[in-house]
Amino acid sequence: MNNNKGGFLRSSVFYIFIFLAVVGMVYGLFGNDKTTTKTITSSEFIKALNDKELKSVTVQPGNSIYNVTGTYKKAQTATKDKGLSLFQPTQKVTKFTSTLLPNDASLKSVTDAATKTKTELVTKQAENSGFWLNLLVSLVPVLLIVAVFYLMMNQAGGGKGGQGGMMSFGKSKAKPSDPKDNKVRFADVAGAEEEKQELVEVVEFLKAPKKFVNLGARIPKGVLLEGPPGTGKTLLAKAVAGEASVPFFSMSGSDFVEMFVGVGASRVRDLFENAKKSAPAIIFIDEIDAVGRRRGTGMGGGNDEREQTLNQILIEMDGFEGSEGVIILASTNRSDVLDPALLRSGRFDRKILVGAPDVKGREAILNVHAKNKPLADNVDLKAIAQQTPGYVGADLENLLNEAALLAARRNKSKVDAADIDEAEDRIFQGPAKTNHNMSESERRTTAYHEAGHALVGLVRSEASVVRKVTIVPRGRIGGYALMTPKNDRYNLKYSEAKEQLAGLMGGRASEIFMFNEASSGASNDFQQATGLARQMVTAFGMSDKLGMVQLEGNASVGYADQAGNRAYSEETARLIDEEVRRLAREAFDDAIAILRDNKDKLTAIAEALLEVETLDEKQIKDIYLTGTFTRKDIQDDTELAKAKSFEEAKAAADAKDSQAEQRFEKQDEEKSSDDHSESKNEDTDSTDKSETDDNNTENK
């Protein structure tokens, strides 16, 4: 709207100038009457007066001069005088105007000349309007400057109630939220029951403080939510805002600091002042590590500004005046970099770790996000929760959302297990490259590589299970073997770590064992294996040579300063490298031994991969135990992937849907014919018949 107003103003001024120009032209052409007034100098006036050319003279005091007007006895002829119109070269002049110096000598000379020539002389008093006119003329520029300055200030401030303008830098952007606008409640937060209870207590204290005050308790001044990304820290804060019947101020840590010095501290003061006026109130600072980092670890003016902002937060939370009636919630996934003064009791009294949910928590989260999604009968949310250890709430929500998008792409009315399985692959590995043409040699190498991972994982299966093996290219990989822990893992044993290392080395071991040649496909395996082996040696104390010490793996351990200088000697570094190589070599030798003892099973898994490209957990176990597996109908999106336009993609999806309908109709016809034949058997007991129908349905 501001742009439109500015354009209208500019166009109005333009039309005003056009109008004035036209008026000036009209006045120049037609405005001058035939009786023209001529402006003459003082000398010309005195000469004309002495020559008896003037009929009458009028003298009137003006602005520091005497204004003289009068008429000629005879009309004068004027030629192109500057006081005349350009379109009238010659005119008859009967009147004149002139000026005199405002002194007695000038006035006496005019009076004497008029008396001598017997010319009529008239004197008038000065007009009072001149004073007001002069005053107005002098005030107009001042008023214009004041108006322009006011408009600039108003525009810089963002208008009425505006934010982000030049003059509002020191004002906090946080506004109290209306609980009616926030639909998130504690019932919408699943998988974090203990964390939720801690925050429910805070809300209860605000609503009914007498229950706690009677026992001498005080509400925590600050609650810090810490944990990995995606675990629901901000969602918990939204639930607090939705449940609390008090003003809720929300602000990001990065919103405090701007390009001007002192803005951050000013915004902190303004935020807490507004919260204190609305007390009891809650302040939520998201990603507080953006402003609450440890002091003295950086250089430059930006760091000084951040430290000044942090100091103001420390003062407001627990300074001389305190912040009575105001509770501070904050979230971060980097609590290790926060300043110790910020974390001490009296500021953040309660620290809540919001970690990855366990299997029950994952199932509860899946149930929450599946409420608005129609699921097929073959979808088991409990099984999905068991198969997704380490997933956080954001991952699970994205998993079901991607599955719903895939089901819509395939023109399904419900989300089935195949959609969820494909969605998991797409999220973590990328979409399948169905048009990626691999040579037969590359496919065979990839198949044996992934079969090596799977076989070692099947043999060393005390802690992990092989869920899937595929040679379908996705993202930057040509295939992968998915192995997940059997249960939620909170500690890693030495034997379990050795299992993981052997599984990671299974791919390269299979290449060497079958083809006696290595490929670049194991680079990511080596990266993971090296990282795990290094952690075993430097962080977990699993090396006899180095002992039970922590050399790396912590921000305060392993490095003496910010420049990255190591706190241990070169000899220790050499021992670390030797131990990492030893663990990797032992894992490789273990994998080679497993493959040598199970060569027939390795070949069976690889040939099955070359045939169907993807094997699930049951198929892999069947091949390992029996040498055969059951093939299943796999969703094929090849035609959808090849489509070049929306119309072609829609046609391909409709064709697939039509084929599926024909298949279902055929099954229904077979079922109806079976039911019809059974109805003819009059000797069958009704109870037995009902059981037979149920069995037939289950088999189908």
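In case you wondered, yes, glycine gets a Cβ from its N, Cα and C as well.
Now, the feature entries from Swiss-Prot:
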{"type": "BINDING", "residues": "GLY227, PRO228, PRO229, GLY230, THR231, GLY232, LYS233, THR234", "note": "ATP binding site"}
{"type": "BINDING", "residues": "HIS449, HIS453, ASP525", "note": "Zn(2+) binding site"}
{"type": "REGION", "residues": "644-700", "note": "region 'Disordered'"}
{"type": "TOPO_DOM", "residues": "1-10", "note": "topological domain 'Cytoplasmic'"}
{"type": "TOPO_DOM", "residues": "152-700", "note": "topological domain 'Cytoplasmic'"}
{"type": "TRANSMEM", "residues": "11-31", "note": "transmembrane segment"}
{"type": "TRANSMEM", "residues": "131-151", "note": "transmembrane segment"}
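For THR234 (ATP binding site), the same-chain residues lying six or more positions away in sequence with a CB closer than 8 A to its CB are ASP286, SER331. Across the fold, the C-alpha of PRO229 (ATP binding site) and the C-alpha of HIS449 (Zn(2+) binding site) stand 33 Å from each other.
Of all the binding-site residues listed (GLY227, PRO228, PRO229, GLY230, GLY232), GLY232 sits in the most crowded Cβ setting, with the most other Cβ atoms within 10 Å. Taking the mean position of the Cβ atoms of GLY227, PRO228, PRO229, GLY230, THR231, GLY232, LYS233, THR234 as the ATP site, the remaining same-chain residues with a Cβ inside 8 Å of that point are SER331, ASN333, VAL354, VAL392, GLY393, ALA394.
Here the CA atom of GLY227 (ATP binding site) lies 32 Å from the CA atom of HIS453 (Zn(2+) binding site). Mapped onto three states, the DSSP output places PRO229 (ATP binding site) in coil.
Straight-line distance linking the Cα atoms of LYS233 (ATP binding site) and ASP525 (Zn(2+) binding site), rounded to a whole number, equals 33 Å. Counting only the Cα atoms, the space from ASP525 (Zn(2+) binding site) to PRO228 (ATP binding site) is about 25 angstrom.
Note: HIS449 (Zn(2+) binding site) has non-local neighbours GLY479, GLY507, ARG508, SER510, GLU511, SER519, GLY521, ALA522, i.e. same-chain residues 6+ apart with C-beta under 8 A of its own C-beta.
Neighbour density for LYS233 (ATP binding site): within 10 A of its CB lie 26 other CB atoms from the protein chains shown. A C-beta separation below 8 Å, combined with a sequence spacing of at least six in one chain, links THR231 (ATP binding site) to ALA192, VAL354, GLY355, ALA356, PRO357, VAL392, GLY393, ALA394.
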